[in-house]
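Trainee: Quick one: this structure, given as structure tokens, is what I'll be asking you about.
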Amino acid sequence: MRKAYLVTVALFALAFSVASASDPAPLQDFCVALKDYSDKSAVFVNGKFCKDPKLVTADDFYFCGLNIPGNTYNKVGSNVTNVNVDTFPGLNTLGISLARIDFAPYGQNPPHTHPRGTEILVVLEGTLFVGFVTSNTDNRLFTKTLNKGDVFVFPVGLIHFQVNVGKTNAIAISGLSSQNAGAITIANAVFGSNPPITPDVLTKAFQLDKKVVEYLQKEF
């Protein structure tokens, strides 16, 4: 009887340990498994390979240049300077990154998502109108006007935006809960995909005239 009890307890413990396990969160858009391990293209991992600890120096944990304004002379009037694992190797496996966002007067960081990270933003200079939209089917919009020193958070994966509503330049710093949060700018992804999405699909999805869709695809 005691033996059967111990076996039952062991099985429950095993079941709970399996149930509580989970795959690591992806650190890039996809990671296709290789069937042939001799394939010479097998150079990607979920994240980055680790540098030999004996070769690591203080410079690996140091980044400079975030004080330099980004060039906002573009169609949207903003510039994002990313400090992620690609530009700052010391962030690898730490689950964090940040970015400086510069805005020209009335410039915007257009609607976009970060598929792998929550974003927290603090305004350093200027006034920003920010917001995010919840998932289907509510699609509820939350917005706020932020001034210098104000902080706002954008939940992971949700579409969000920032607009400079002032007559002067604005600066913000964003912290992200991933070493590579990714960014999908909605307009660019939908109308500027490569190859293009069939106009008939977008015509029906956005309830637009086909000529308007084709025009937008040329623009992006």
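Keep in mind that glycine also has a Cβ here, set from the backbone N, Cα and C atoms.
Model, not experiment: these values are computed from the prediction.
Sharing the features that TrEMBL gives for it:
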SIGNAL    1-21  signal peptide
DISULFID  C31-C50  disulfide bond
DOMAIN    66-214  domain 'Cupin type-1'
BINDING   N109, H114, E119  oxalate binding site
BINDING   H112, H114, E119, H160  Mn(2+) binding site
Trainee: Any same-chain residues 6+ apart from N109 (oxalate binding site) with CB under 8 Å of its CB? Would you list them in sequence order, or say none?
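Mentor: Looking at Cβ-Cβ distances below 8 Å from N109 (oxalate binding site), excluding near sequence neighbours, one finds V76, S78, V80, I101, F103, F161, Q162, V163.
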Trainee: Sequence gap of 6 or more, C-beta under 8 Å: which same-chain residues meet both conditions with respect to H112 (Mn(2+) binding site)?
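Mentor: Looking at Cβ-Cβ distances below 8 Å from H112 (Mn(2+) binding site), excluding near sequence neighbours, one finds I159, H160, F161, A183, I184, T185, I186.
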Trainee: Write out, in the order they occur in the sequence, the residues of the chain not among H112, H114, E119, H160 that have a C-beta within 8 Å of the mean position of the C-beta atoms of the recorded Mn(2+) site.
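Mentor: Here the nearby residues are T113, F132, F154, L158, I159, A181, A183.
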Trainee: I need the neighbours of the oxalate site defined by N109, H114, E119. Which other residues of that chain put their C-beta within 8 angstroms of the C-beta centroid, in sequence order?
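Mentor: Once N109, H114, E119 are set aside, the remaining close residues are A99, H112, T113, L121, F154, H160, Q162, S174, L176, A181, A183.
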Trainee: How far is it from E119 (oxalate binding site) to C50 (disulfide bond), counting Cα to Cα, in Å?
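Mentor: Cα-Cα, rounded: 26 Å.
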Trainee: Provide, as an integer number of angstrom, the distance between the C-alpha atoms of C50 (disulfide bond) and H114 (oxalate binding site).
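Mentor: With distance taken Cα to Cα, H114 (oxalate binding site) is 24 Å from C50 (disulfide bond).
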Trainee: Does anything in the same chain, at least 6 positions from H114 (oxalate binding site), have a Cβ under 8 Å from its Cβ, and if so what?
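Mentor: Residues satisfying the criterion: F154, V156, G157, L176, S178, A181, G182, A183, I184.
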Trainee: List the helix, strand and coil residue totals of the domain 'Cupin type-1' (66-214) as derived from DSSP.
Mentor: 22 helix, 57 strand, 70 coil
Trainee: Check the domain 'Cupin type-1' (66-214) for me and report the mean pLDDT.
Mentor: 97
